[in-house]
Amino acid sequence: MHPGNVWGGSLDAVDSDRIAAEEEERLRNTTEWDRGAIHSQRSELDETQQGWLLAPQDNWRKKKKKYVNLGCVSVSRTVFLWTVGSIAVLFLVVALPIIIVKSLPRHKSAPPPPDNYTLALHKALQFFDAQKSGKLPKKNKVSWRGDSGTKDGLPDVVGGLVGGYYDGGSNVKFHFPMAFSMTMLSWSLIEYSHKYKAIDEYDHMRDVLKWGTDYLLLTFNNSATRLDHIYTQVGGGLRDSESPDDIYCWQKPEDMSYDRPVLSSTSAADLGAEVSAALAAASIVFTDKPDYAKKLKKGAETLYPFFRSKSRRKRYSDGQPTAQAFYNSTSMFDEFMWAGAWLYYATGNKTYIQFATTPSVPQTAKAFANRPELMVPSWNNKLPGAMLLMTRYRLFLNPGFPYENMLNRYHNATGITMCAYLKQYNVFNRTSGGLMQLNLGKPRPLEYVAHASFLASLFADYLNSTGVPGWYCGPTFVENHVLKDFAQSQIDYILGDNPLKMSYVVGFGKKFPRRVHHRGATIPNDKKRRSCREGLKYRDTKNPNPNNITGAMVGGPNKFDEFHDLRNNYNASEPTLSGNAGLVAALVSLTSSGGQQIDKNTMFNSVPPLYSPTPPPPKAWKP
């Protein structure tokens with residue numbers, strides 16, 4: 001029996017065969033659909049695979065990117081390899097050649113050829129070696145010179161007066177121009193030591209200077225506390241002399257056998273001041289030799305009360321005919337200004353700058369008279385040099401009160417002097433060849449031109465060093481290069497840029513004086529001794545000198561640019577110590593070797609600070 005139909009509906013029997021058939025049909029349809037799907041997927045897969053095989057080679061396989069772990073960051077392996085490769089290439093292209101070049105032996109590039117001023121300077125310094133008196137050092141390179149004057153001053157002068165320099169073509173030692181020459185050489189060394197070093201003349205120059213200052217220390221009792229005299233010259237003579245002396249005889253220094261008198265003076269304020277200036281200036285040069293510098297300073301200061309004393313205010317040449325005939329001094333107050341400035345720079349003692357700026361000193365010297373003859377620097381006129389030297393103080397340190405008023409006047413006077421040197425103001429005549437006639441057409445023009453060229457060139461360097469582009473000549477502003485051009489034009493004339501195309505410096509250029517008025521250069525170096533008058537035949541011959549006195553600057557041409565190369569014409573053909581000192585100073589100021597600047601500081605090494613130093617802070621307070 002069957003139970004009742006709880007769900008409702010018919011309780012009739014189901015056709016089992018029909019149900020089975022329907023189920024079979026459903027399963028068959030499902031199976032066919034699955035096979036189609038599978039077949040479709042397989043067809044698509046086959047097409048993709050074919051695409052892989054048929055695609056270009058660089059696209060047919062895509063690899064997964066790889067990375068390199070650098071610790072702090074991960075980068076693509078490709079980027080990493082590119083970076084490393086680039087660094088390697090950069091090393092090969094840049095670093096490796098540098099390493100190779102640095103590992104090779106170094107060859108310094110050749111320096112530029114020296115200019116004419118340098119070449120002439122080498123020559124000009126040799127003149128001083130040819131003028132040395134006394135027992136010569138072994139390294140003296142002038143083959144035709146030997147020991148001479150080894151008994152000068154003996155036995156009358158304690159220690160003698162051996163050494164120093166002969167002045168020109170004679171065998172006289174004039175202390176006044178010799179001291180001035182040493183002062184000028186020191187000045188050029190202080191301002192341009194780097195240039196002397198650049199051309200390898202620094203040690204030579206100092207040897208030349210020391211030979212002179214060693215001798216000047218013998219010309220007075222430098223160990224005394226109070227001086228009563230100073231020696232003014234050794235040897236001498238007059239042009240009309242008829243007894244054996246340095247003028248009457250024509251002998252080389254090594255053969256001298258006549259008496260050589262020593263002249264002295266108890267009232268030679270000008271000479272005392274000049275020697276003081278020379279020693280003070282040299283002490284600045286030799287600061288690296290403290291003992292010698294101290295000795296020079298002591299000598300310079302010992303002379304100060306001597307030349308300041310009113311009882312000694314006479315010129316050294318007064319009453320001395322053999323001095324008056326050649327180096328007659330005409331003033332002394334210009335030397336006072338000159339010495340005062342150098343003493344101050346050497347010692348820092350304000351007493352000296354106060355003296356140099358005392359109004360009565362420049363007024364007595366006529367420093368502000370604006371007279372052309374007082375604008376010409378020389379062994380006899382220190383005004384232009386002294387005022388430029390103190391203008392330096394104002395330009396670089398500007399000390400102010402109480403010196404400013406007088407320093408300003410010195411500065412203005414220096415500017416006026418420089419204006420007077422310029423052609424457009426027609427203060428001094430010029431030859432048709434361009435040589436300025438500072439000595440008003442008188443003989444020996446080159447010495448004055450050389451000193452003026454140095455001062456002009458130096459003043460331009462002072463202004464350039466302070467950043468001042470020029471100065472005023474009245475209402476007209478003049479640039480510094482105009483002064484340099486002036487100095488160059490005058491020195492170029494001396495070196496051969498003149499109507500005769502002739503160098504007036506022996507040994508420089510192809511054409512130069514061959515018959516220089518000079519005893520030592522005139523007589524053959526054959527070890528034969530000539531008597532007092534025997535040498536006259538060498539003076540009077542028309543043949544060139546057997547010995548070239550290399551570097552000697554002769555007196556020069558006349559106002560018509562004419563020069564006669566004759567020994568007897570001593571005004572034209574004789575060199576002098578002070579002339580060559582001016583030439584050396586001008587040449588070193590103009591040469592481009594070592595640069596164009598000056599040494600601003602060495603001059604002031606001993607000058608004290610202008611203002612009181614800041615006091616130290618108080619000690620820390622403690623209860």
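Using the three backbone atoms N, Cα and C, a Cβ is placed for every residue, glycine included.
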- Message: So one of Asn29, Asn429 should carry the feature N-linked glycosylation site according to Swiss-Prot; which one?
- Response: Asn429
- Message: Rank aside, I only need the closest one: which of the active-site residues His517, Asp565, Glu574 has its C-alpha nearest to that of Asn412 (N-linked glycosylation site)?
- Response: Glu574
- Can you grab the distance from Asn328 (N-linked glycosylation site) over to Glu574 (active site)? Cα atoms, rounded to a whole Å. 18
- Item | Number of other Cβ atoms within 10 Å of the Cβ of Asn412 (N-linked glycosylation site) across all protein chains | 15
- Item | Between Glu574 (active site) and Asn116 (N-linked glycosylation site), the C-alpha gap once rounded to whole angstrom | 23
- Query: Counting every protein chain present, what is the number of Cβ atoms, excluding its own, within 10 Å of the Cβ of His517 (active site)?
  - Reply: 25
